[in-house]
Amino acid sequence: MSLSIPFDNSYGRLPERFYTRQDPVPVAEPGLIAVNQKLAQELGLDFQALTSEPGVAALAGNARFDGADPLAQVYAGHQFGGWSPRLGDGRAILLGELIDNKGLRRDIQLKGSGRTPYSRGGDGRAWVGPVIREYIVSEAMHALGIPTTRALAAVTTGETVMRERPLPGAVLTRVASSHIRVGTFQYFASQRDTEALRALTDYVIARHYPDAGNALELLENVIALQARLIARWMGVGFIHGVMNTDNSHVAGETIDYGPCAFMDDFHPDKVFSSIDQFGRYAYGRQPEIAVWNMAQLATSLLPLIDEDIDKAVKLATDAVHRFPDIYREAWLKEFRAKIGLATEEDGDAALIEGLLGRMATLRVDFTNTFRGLSEGTARQQFSDPAAYDGWAEEWQARLAREPGDPIALMRATNPAVIPRNHRVEEAIQAATSEDYAPFFKLNAVLSKPFELSEADYAKPPQPEEVVHQTFCGT
Ligand code: AMP
Ligand code: MG
């Protein structure tokens, strides 16, 4: 068994003002919750070694994997629209990068690994709740085919973390295509450090967009991936909850699962985050917030787009203004498939919006209504079935013009199970007293979201089980 990982740490070769070299802070008593065996394989890592005592110690930050070059990355960001000139990894450490079995470069990061120079007032720690939530939800996203960071492992620390009350501490091992955020660009742009901005741009192009020839093309690529990502979120009823620019990944991955949630009953104004009092990051506002975030990236890149500032502004603005079209196309593709349409007709958008409007009025269950379209159970979701019937008549007429197999398409598009909030809470509650069975069970069910293996997991919460708020993952 070897704890050596063939790390190749390209981020650590960037200028020193990109990060601070920093080891994780050791914990009292590392304990294993889970190692993701499939992901370990994908990464070419030895599962047995990771679950061994020295492996768990390294995953908790108490020992160093050979070849690691631990560092905390610096970035800035707009949080709920307000500018923070310096954020950075306040409770995370990048151990290093490795090349996976598909040849892709992946970051291995510990989250909850202790204080860093970017911790500000925080303790650098995480409690088991957010660790479990991020593990479950990010792996569920992956199973749904939506770009996301991954969860390689979760371990306990044997320490207590002080939140509203003392809670058991934990560390998540996160895997990502990188951890570069819109806020990373903002950090250097706000310091007018054009040299660093150029180094970052070159780095991101080389790592994520090798076909992009310059900063403008990089921007266009990021915008396109972001637009497509948000369309995917909308398609599964996902609410990120904290779409700050520091949580906006430049390669279009879902990142930083805090007070995120999947909707049960549908309404576009739905918000879960306990700190989002004005609904800035409500379900229905996610596309416009993504545009706002892309505008921040565009602004940061201006000095590299053209020496003539007016020209740079024009080019960057045009790129941002293309977001709505790209998003709309991706959204239509997503929702066409959700109602079984493989072909395109002009009236499709109105048909989809007709369904969503009725769903919102009657607050039907988002997942079960769409899944019900292929199972013949959509109608029963509606407290007023006539509302459904009126729509279904138009839909049937449209389906009659579909050459393919709409049922198969819908079954492959509309999940039967999503990480329902009350199930996630149940897993967190149990984990708080070291019972991880509900966590494992939920992960297993969610690993095949298009199969209904356990009918109970498809059920919306009972009134007393409804989770109204989720708390920021600190
Ligand atoms: P988030 O809202 O989770 O994306 O975090 C925003 C910023 O706060 C990031 O710079 C985090 O590293 C930092 N942060 C969040 N929680 C903690 C904590 N417990 N200790 C130190 N820094 C934290
Ligand atoms: Mg964050």
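Each residue, glycine too, has its Cβ placed from N, Cα and C.
All annotation found in TrEMBL is predicted automatically rather than curated by experts.
Model, not experiment: these values are computed from the prediction.
Here is what TrEMBL records for this protein:
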type     : residues                                                            : note
BINDING  : Gly88, Gly90, Arg91, Lys111, Asp123, Gly124, Arg174, Arg181, Asp256 : ATP binding site
ACT_SITE : Asp246                                                              : active site, proton acceptor
BINDING  : Asn247, Asp256                                                      : Mg(2+) binding site
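Locations of recorded TrEMBL features on the structure.
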residue	record	contacts (Cβ under 8 Å, 6+ apart)
Gly88	ATP binding site	Ala72, Gln73, Val74, Tyr75, Thr116, Pro117, Tyr118
Asp123	ATP binding site	Arg91, Arg115, Val161, Met162
Arg174	ATP binding site	Ala92, Asp107, Ile108, Gln109, Leu110, Lys111, Glu134, Ser138, Thr149, Arg150, Ala151, Leu152
Asp246	active site, proton acceptor	Tyr75, Ala76, Gly77, His78, Gln79, Ser84, Leu87, Arg181, Val182, Gly183, Asp256
Asn247	Mg(2+) binding site	Gly77, Arg181, His240, Ile255, Asp256, Gly258
Where the C-beta lies under 6 angstroms from ligand 2, the matching binding-site residues among Gly88, Arg91, Asp123, Arg174: none
Collapsed DSSP category at Arg174 (ATP binding site): strand
For ATP, whose listed binding residues are Gly88, Gly90, Arg91, Lys111, Asp123, Gly124, Arg174, Arg181, Asp256, the greatest C-alpha pairwise distance in Å: 22
Distance-selected binding-site residues near ligand 1 (C-beta under 6 Å), from Arg91, Asp123, Arg174: Arg91, Asp123
Cβ neighbour count within 10 Å of Asp256 (ATP binding site): 23
